[in-house]
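Under the heading coiled coil, Swiss-Prot lists 82-107. Look at Swiss-Prot and you will find 1-10 tagged as compositional bias 'Polar residues'. Here Swiss-Prot flags 144-161 as compositional bias 'Low complexity'. Marked as region 'Disordered' by Swiss-Prot: 1-20, 55-84, 118-161.
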Amino acid sequence: MSKQQEQDTPSFGEIRQRLQAGEDFDLAHRLQEREYEMYYNHNRNVNGTIVGDRKKTREEQIAEDEHAASLRRLGHAERSMSDEEYARQLQEEMDRLDASIQMDKEAQLREDARMAWLLQQESSATPAPSRHSGDLISFEDQPQQSSNTTTSSSCQSANNS
(Lines of atoms letter the chains of each structure in order from A and count residues from 1; the text may use other names and numbers.)
(Lines give C-alpha, C1' and ligand atoms only; values in the text may rest on other atoms or scores of the structure.)
Protein backbone atom coordinates (compact mmCIF):
# COMPACT_ATOMS: atom_id res chain seq x y z
CA MET A 1 0.00 0.00 0.00
CA SER A 2 1.12 3.29 -0.69
CA LYS A 3 1.55 6.05 1.69
CA GLN A 4 -1.16 7.97 0.09
CA GLN A 5 -3.59 5.18 0.65
CA GLU A 6 -2.48 4.73 4.18
CA GLN A 7 -3.09 8.35 4.89
CA ASP A 8 -6.52 8.26 3.26
CA THR A 9 -7.51 5.11 5.07
CA PRO A 10 -8.75 5.86 8.49
CA SER A 11 -7.36 4.03 11.38
CA PHE A 12 -9.33 1.56 13.46
CA GLY A 13 -9.77 4.09 16.24
CA GLU A 14 -11.16 6.66 13.84
CA ILE A 15 -13.53 4.13 12.32
CA ARG A 16 -14.65 3.03 15.72
CA GLN A 17 -15.09 6.65 16.76
CA ARG A 18 -17.12 7.39 13.64
CA LEU A 19 -19.28 4.34 14.22
CA GLN A 20 -19.84 5.32 17.80
CA ALA A 21 -20.72 8.85 16.72
CA GLY A 22 -23.16 7.43 14.17
CA GLU A 23 -24.64 5.11 16.76
CA ASP A 24 -24.86 7.95 19.24
CA PHE A 25 -26.56 10.12 16.64
CA ASP A 26 -28.93 7.30 15.74
CA LEU A 27 -29.65 6.65 19.41
CA ALA A 28 -30.21 10.35 20.07
CA HIS A 29 -32.52 10.53 17.06
CA ARG A 30 -34.55 7.52 18.26
CA LEU A 31 -34.74 8.91 21.79
CA GLN A 32 -35.87 12.25 20.45
CA GLU A 33 -38.51 10.56 18.26
CA ARG A 34 -39.72 8.55 21.25
CA GLU A 35 -39.85 11.73 23.35
CA TYR A 36 -41.85 13.53 20.63
CA GLU A 37 -44.19 10.57 20.36
CA MET A 38 -44.68 10.43 24.13
CA TYR A 39 -45.31 14.18 24.28
CA TYR A 40 -47.71 13.95 21.32
CA ASN A 41 -49.56 11.01 22.91
CA HIS A 42 -49.71 12.83 26.23
CA ASN A 43 -51.14 15.95 24.55
CA ARG A 44 -53.60 13.83 22.60
CA ASN A 45 -54.73 12.11 25.82
CA VAL A 46 -55.00 15.40 27.69
CA ASN A 47 -56.90 17.05 24.84
CA GLY A 48 -59.09 13.97 24.47
CA THR A 49 -59.81 14.08 28.18
CA ILE A 50 -60.56 17.80 27.98
CA VAL A 51 -62.88 17.31 25.00
CA GLY A 52 -64.54 14.33 26.70
CA ASP A 53 -64.86 16.25 29.95
CA ARG A 54 -66.25 19.23 28.08
CA LYS A 55 -68.90 17.04 26.42
CA LYS A 56 -69.73 15.33 29.70
CA THR A 57 -69.86 18.66 31.52
CA ARG A 58 -72.14 20.09 28.84
CA GLU A 59 -74.44 17.05 29.07
CA GLU A 60 -74.52 17.24 32.86
CA GLN A 61 -75.19 20.99 32.72
CA ILE A 62 -78.06 20.45 30.28
CA ALA A 63 -79.48 17.69 32.51
CA GLU A 64 -79.12 19.92 35.58
CA ASP A 65 -80.78 22.85 33.78
CA GLU A 66 -83.66 20.61 32.69
CA HIS A 67 -84.05 19.33 36.24
CA ALA A 68 -84.04 22.87 37.63
CA ALA A 69 -86.58 23.94 35.00
CA SER A 70 -88.84 21.02 35.89
CA LEU A 71 -88.55 21.92 39.58
CA ARG A 72 -89.44 25.53 38.76
CA ARG A 73 -92.43 24.39 36.69
CA LEU A 74 -93.51 22.11 39.53
CA GLY A 75 -93.10 24.96 42.02
CA HIS A 76 -95.08 27.30 39.76
CA ALA A 77 -97.78 24.67 39.39
CA GLU A 78 -97.96 24.16 43.16
CA ARG A 79 -98.05 27.91 43.78
CA SER A 80 -100.67 28.27 41.09
CA MET A 81 -102.75 25.53 42.68
CA SER A 82 -102.34 27.02 46.14
CA ASP A 83 -103.17 30.47 44.75
CA GLU A 84 -106.27 29.03 43.09
CA GLU A 85 -107.26 27.31 46.35
CA TYR A 86 -106.70 30.53 48.29
CA ALA A 87 -108.75 32.49 45.73
CA ARG A 88 -111.53 29.89 45.96
CA GLN A 89 -111.53 30.11 49.76
CA LEU A 90 -111.61 33.91 49.62
CA GLN A 91 -114.49 33.80 47.13
CA GLU A 92 -116.41 31.38 49.36
CA GLU A 93 -115.82 33.63 52.37
CA MET A 94 -116.96 36.68 50.41
CA ASP A 95 -120.05 34.78 49.21
CA ARG A 96 -120.86 33.77 52.81
CA LEU A 97 -120.36 37.36 53.95
CA ASP A 98 -122.58 38.68 51.14
CA ALA A 99 -125.25 36.10 52.01
CA SER A 100 -125.03 37.06 55.68
CA ILE A 101 -125.35 40.76 54.83
CA GLN A 102 -128.32 40.00 52.57
CA MET A 103 -129.98 37.93 55.31
CA ASP A 104 -129.37 40.74 57.81
CA LYS A 105 -130.95 43.24 55.41
CA GLU A 106 -133.94 40.96 54.86
CA ALA A 107 -134.29 40.42 58.62
CA GLN A 108 -134.13 44.19 59.17
CA LEU A 109 -136.77 44.75 56.48
CA ARG A 110 -139.04 42.14 58.12
CA GLU A 111 -138.48 43.73 61.53
CA ASP A 112 -139.22 47.18 60.09
CA ALA A 113 -142.39 45.86 58.46
CA ARG A 114 -143.46 44.18 61.71
CA MET A 115 -142.81 47.36 63.70
CA ALA A 116 -144.75 49.41 61.15
CA TRP A 117 -147.65 46.97 61.33
CA LEU A 118 -147.58 47.06 65.16
CA LEU A 119 -147.55 50.84 65.15
CA GLN A 120 -150.42 50.88 62.69
CA GLN A 121 -152.38 48.40 64.81
CA GLU A 122 -151.64 50.35 67.95
CA SER A 123 -152.71 53.62 66.41
CA SER A 124 -155.95 52.17 65.04
CA ALA A 125 -156.76 50.37 68.33
CA THR A 126 -156.43 53.41 70.60
CA PRO A 127 -158.71 56.43 70.39
CA ALA A 128 -157.29 59.36 68.58
CA PRO A 129 -155.35 61.49 70.96
CA SER A 130 -156.71 64.94 71.58
CA ARG A 131 -155.52 67.47 69.21
CA HIS A 132 -154.16 69.48 72.01
CA SER A 133 -150.69 69.09 73.00
CA GLY A 134 -149.25 70.28 76.24
CA ASP A 135 -146.98 72.62 74.36
CA LEU A 136 -149.57 74.23 72.18
CA ILE A 137 -152.12 76.81 73.13
CA SER A 138 -155.64 75.75 72.50
CA PHE A 139 -158.26 78.40 72.12
CA GLU A 140 -161.04 75.95 72.80
CA ASP A 141 -159.97 75.28 76.36
CA GLN A 142 -159.68 78.91 77.46
CA PRO A 143 -162.60 80.45 79.40
CA GLN A 144 -164.16 83.31 77.59
CA GLN A 145 -163.59 86.66 79.15
CA SER A 146 -166.45 89.11 79.41
CA SER A 147 -164.38 92.06 78.40
CA ASN A 148 -163.48 90.42 75.18
CA THR A 149 -167.02 89.57 74.57
CA THR A 150 -168.19 93.10 75.31
CA THR A 151 -165.45 94.53 73.24
CA SER A 152 -166.27 92.34 70.43
CA SER A 153 -169.99 93.04 70.92
CA SER A 154 -169.41 96.74 70.88
CA CYS A 155 -167.26 96.44 67.83
CA GLN A 156 -169.97 94.53 66.15
CA SER A 157 -172.56 97.12 67.14
CA ALA A 158 -170.48 99.90 65.81
CA ASN A 159 -169.97 98.07 62.60
CA ASN A 160 -173.65 97.42 62.24
CA SER A 161 -174.62 101.04 62.63
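Backbone N, Cα and C define each Cβ position, glycine as well.
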Requested in this report: Could you please provide the mean pLDDT value for the coiled coil (82-107)?
Outcome: 94
Query raised in the report: Would you list the DSSP helix, strand and coil counts for the residues of the region 'Disordered' (55-84)?
Result: 30 helix, 0 strand, 0 coil
